[in-house]
Each structure stands twice: as structure tokens, then as C-alpha cells.
């Protein structure tokens, strides 16, 4: 063995475990030196070649791949992507609808059986191959390369309407700087002779009217376009401008935004929870929420909805998880990340549920008090005409209807009902139950823009809380949008080598142009259509194919070897059986049940009828059904198309073949081996693609810091990860090379 081999080996770090210091490490001051580096390349003919590589490097050479500046930044990005609007307005609704606290049991079970294994799989694949979704699945099996394109299409569809919701939140945010809030009460119409309340508002409520008429100016059906809503068009432009500016430099710019967009919602949720708990009736809401209805747990529908929520809560299949993890250090403990992010997501959903039902409990008490006062006045009017004075308990003072308590009112109602019996319904008296108010299940935009806004009008200092709430929604939406857009940009940049800035701007301009469909007067109906049909089935199919590709095409045993090499330990055997048997079967069952549900319920949407001032379920017109089917087909189409092109050799499997690069954690060493030197510890050993495939295109390389000069190796070395990635891209004799 040559004498310098030991010296070189001494420079290498052994695999180390994850540490708290690594997780919390801040961005490095030396980041600029990382962004430009010099690559020494051994091509297949064995001729050494040195080239300077900057971001968006030249064709034919391996460009510098961006990296997270710290582990915390990466975790916040994954949390920001997975924790979205669904945690705030979908999970609480499902929890209430499906058995209260008992719903958490099937959710947790399915999180462990489906969520964490699949999330871990996507993190590991992205981190190992270090490419976006197109490159990852094309590498695993060229015939399955369409999986990545399908993910990109779904991401684009979701981004189109998701940013519209951010635009709605921006509009409400901009209108919240008023006292009183503009949706506090119904507007009045004045004419020469009288002043009256707008009929549409009088028939519904102030917040409902403001949402449908002032904000959306909604048409009566999807067939009535009605032209653009200029207020929402401006808000949509603002939303896409924010996304474009945050994403234009990739993770170097969006990663810094994550510190605010991922953490701010937690500050708001905690503030809301503390404030709500101090309000009358909040405990009623929380008690109602977590009173378990165990019998509901036995229904298959509860498990199906829990599985669907787990699936979408973690952002599986979008490609954003793979894209974010592809910028990681190769020896990062992605198993720890998968478990951590999954449970952060779960506890965020529980926190949001506490907040929502504490606020709804407060609102229910207010609505109940109004109901009691209204019906007490009705009882006063009915005295001697259906209700006898002797039926009223002596301690109740009917002259002050507003001061009659709910308990006294229920006592009166029970007596009147007992005396009148069959005639009671004709009296028109309501029972005024807090439970009935809380059982009015609301979700989605109905929760955020109607129920929650109504509750906030009764808060002290309501404009402040309204500003905080809608700013939180904007941040939750942006965090998810960053991951969704990254799921589009990263695979395309990796595959087609286009400049990130041009692609980002082009993507945002195209999405805004198509997004004008969602800001016309009928736009809300198109949002509902895309939400129901553009993602559910395609994403299920994508994730099933991902699971099958790893477990059965690539090979679960080989994948476990790669994980051991990457993590430094063998993952629990639990994942072996999950990936190979349990998870694919559960996903197929979920896909089958989703298909059955879609076929049994004809495509429909909830329309707002202006004259009646209420929602009405309408069926999509024939062209609408065609659009629904087209959304599903277009999203899934890349999978069979790419498979057919590869199968019939229309596209050669070897096209764009990848050369060998293997990785080892260590220090960046400014030393190249002399040509012809037989050194088993050499940092450069050329190898042809046929000898050992690699996920990294180009030739065998190692990274040498530019800015040159001589100096001892110690002066130029840095701990692993100091410059963001910190890999030695070389074939190391002490590292068993995996199939990846």
C-alpha cells in the first residue's frame, strides 16, 4: 500500500449519529465559498480535466447542487410542506364527524402503517439518488419514469387552485384592518322612503353574505362565468408574485423564508388557544370535540377517511418530499426525519382542532344565548295564546328576556312540551341546544371564511385576531406551495438542465394565466372541482407505483442494503414487511374504496343560490364531467405513455446513461491522485457506467474548493456538512458500493 494512503484515510470522518447540535446548527458564514467550487473530473478515457462550475453549470459537466444551510432549515421546509390548510380546516371536521376523540385511534394506527413508512421511503429515495421525482424513478426503472412526470402534473394542478385559496386569505387579511370588521353586520340599503337590510344577507348571515357576495361575488352555477372578479385577480397576482420571489433562487431563497412561514402559524395557534380558553363556552367546544363515540370507529368509512387524511397530510406522491430531501447530506438520518415530521404534523392537527373547537364552543354559546332570547320573546307573545302563565316557573322573570339563562329556558320548554304535547311543534319554539350548534359540521372555506370569521367578530380587539388568523392561513398556504412548486421545478431542472430563474418565472406566469379561471365569478366551483378530482386518484396511483417500484422492481433487500450504507444502521424489520406487503395492500384497498365512492356519487358541487340565500347541491353539466375525467386522465397518462415508449424502445433505456459516482461522508480534501498511481485510498478512481450505475450524471468527481492556492490539507478541510453538503464523491475501498 502506498505511503500516502493512511494519510488520506485519516482525513475521512467515520459515520456519526445525529446530534442536537447538528439539528440546530445555524447557517454557515462560509456558505459563499460553497456556492462556487472547482471540480476535478476523471472521464472514461482516464484524462483528468478541471473545470470551474457555478450555479447552472455548463452542459456536459456535473453542476453544483444546492444544499440546505442547516438541518433546522430542512426540517422546517418539510414541516411547512406537510402542515397546510388541511390541518386547520379538514382534520377538525373529520375528527368531529367520525367519533370525536375516538377518531384519533384509527388515524394514529394508519399513520404508523401507511404514513410513516411511505414518508420514510420518499425521503430515503430522494436523499440517496439526489434527484427530483423524474430522475429518481427513471433511475429506479426507466419504464417507470412516468411516475415522476405524473407527480409534476398533479403538483401543477394543485398549485393552480391552492394559490387561489392563498389569494382569498390575502383579501381577508387586507380587509381586517378595520373596526368594526366589514363582515360584522349586514349592510343596509337606503332609498328615499326607508332603510332596510340587504335581503340576501338577512336570509343568511353577515359573514356568509360577505364571503359569497362581497368577496367572491359568486354566480348561481358553474355554467355562468360572470367575468373576472378584479379584487381576487389582484390578490391572485400578489400570491403568485410572493411564491415566485421566494422560489426564484430555489432552496437558497425559499429556505430562509421557511423560518417565518413554518414557525409563525404555531405562534398564532398557541395565541388563539390561550385567548379562546379565556372565553365563555370554549370548554364546551373542547369537551364536545373529544367526547369519544366508540361505536363509530367500527364503520369502514371512518377508516377510509382517516387513511385519506394521513395520505394527504404528509404530502405523499407530490414529489415535494423527494425534492426537498434530494438537497440533503447523503448520510443524514432520514428515518429520524420521517418520524419527527410525521408526529409534528399529527400534533399540529390536534392543536388546530383544540383551537377550532374552543372558538366554535365560544361561538355556539353566543348563538345559543341569541336563540334563548329570541324564543323567550316568542313565549311572552304566546302567553294566553297557547302558553299559560302557570306553565312558567315563578323565579323566571320574562320581562327581561335577555337575562333568561339557558338552564331556565330549558326548564320552561320542558314544562311547555309536557303540557302541550302534540301541539308543541305548532308553537314554533326551538330547543336552543349548544350540542346542536356544535354538531353543525363545517369544513374548508366554510370553516375559515364563515364560521371562524363570525366567531372573531365577537372577540375583544377583533381586527387584531382577524389579521393574525388570515396571516396564519397565508403562511400555512405558502409553506405547502413552496413544496408543491419545488416538486415541479426540481425534477424539470434535473432532467432538462434549464436555468432555475427562467423556469420559476415561466411556471408562475403560466400558472397565474390559467389561474384566472378560478377568479371569475364561478371560480369557486372550479376550485371545488380541482380539489375533488385532480389529485385524489392520481396521487394514490402514483404512491402505489412508488411503493411497488422500490419493493418489487428495485428489490426490498437491495434497498435495505442502501439504507444501511446511507444511515449507518439497518432500519427496523417492520419497514421490510410494511413496504413489501402491508402498505401496498392497504393502498390498493384505499384506491378501490375511493373508486367505488366516486362511481356511486355522481360529480356534483355546492352552489350558492342568490335569491334563496342558501347552498344547493347541483350536478356538473356534461362538459364539467368531461373536465373532471380529463383531470384524472391527464395526471395519470404519463405513466403508461413512458412505459410504452420504453417497452417498445421508442426511447432507448440507455439514453442519458449515468456514470458512476459513489459517496462517502468525510472532509473536502484538496488532493488529487497522480495518474496511474495504484492507490486503493485514492480519491479519484474512474469507472465506466457499466461497472456500477450511479444516480449522479457525469463522471467520477470530487470537490475541490476554488480560490486556490497551496497550503496544508488541514487548512482547507471542513467538517462534513460545513458547506451545505460536504461529500467526497469518490469510490472508497472501505465502503461496500450499493446498487444505487
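Note that the numbers count up from 1, one per residue, in the order the chain is shown.
Each residue, glycine too, has its Cβ placed from N, Cα and C.
What TrEMBL records for this protein:
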type	residues	note
BINDING	80, 83, 87, 345, 476, 480	Na(+) binding site
REGION	674-722	region 'Disordered'
TRANSMEM	74-92	transmembrane segment
TRANSMEM	104-125	transmembrane segment
TRANSMEM	146-173	transmembrane segment
TRANSMEM	228-248	transmembrane segment
TRANSMEM	257-278	transmembrane segment
TRANSMEM	306-327	transmembrane segment
TRANSMEM	339-360	transmembrane segment
TRANSMEM	464-489	transmembrane segment
TRANSMEM	501-519	transmembrane segment
TRANSMEM	539-560	transmembrane segment
TRANSMEM	581-600	transmembrane segment
TRANSMEM	620-645	transmembrane segment
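Under the criterion of 3 or more C-beta pairs below 8 Å, with sequence separation of 6 or more, the transmembrane segment (257-278) and the transmembrane segment (104-125) do not qualify as touching, having fewer than 3 such pairs. Ranking the binding-site residues 87, 480 by the number of CB atoms within 10 A of their own CB puts 480 at the top. Proximity of residue 83 (Na(+) binding site) to non-local residues of its own chain (separation of 6 or more, Cβ distance below 8 Å) is seen for 262, 265, 344, 345, 348, 476, 479, 480, given in sequence order. Apart from 80, 83, 87, 345, 476, 480, the Na(+) site neighbourhood in this chain, defined by C-beta within 8 angstroms of the site C-beta centre, holds 79, 81, 82, 84, 85, 86, 262, 265, 348, 479. A simple way to gauge crowding: the CB of residue 80 (Na(+) binding site) has 27 other CB atoms within 10 angstroms, across all the protein chains here.
Counted over residue pairs separated by six or more positions, the transmembrane segment (581-600) shares fewer than 3 Cβ pairs under 8 angstroms with the transmembrane segment (228-248), which leaves the two as not touching. Under the criterion of 3 or more C-beta pairs below 8 Å, with sequence separation of 6 or more, the transmembrane segment (146-173) and the transmembrane segment (339-360) do not qualify as touching, having fewer than 3 such pairs. Counting Cβ atoms from all protein chains shown, residue 476 (Na(+) binding site) has 29 others lying within 10 Å of its own Cβ.
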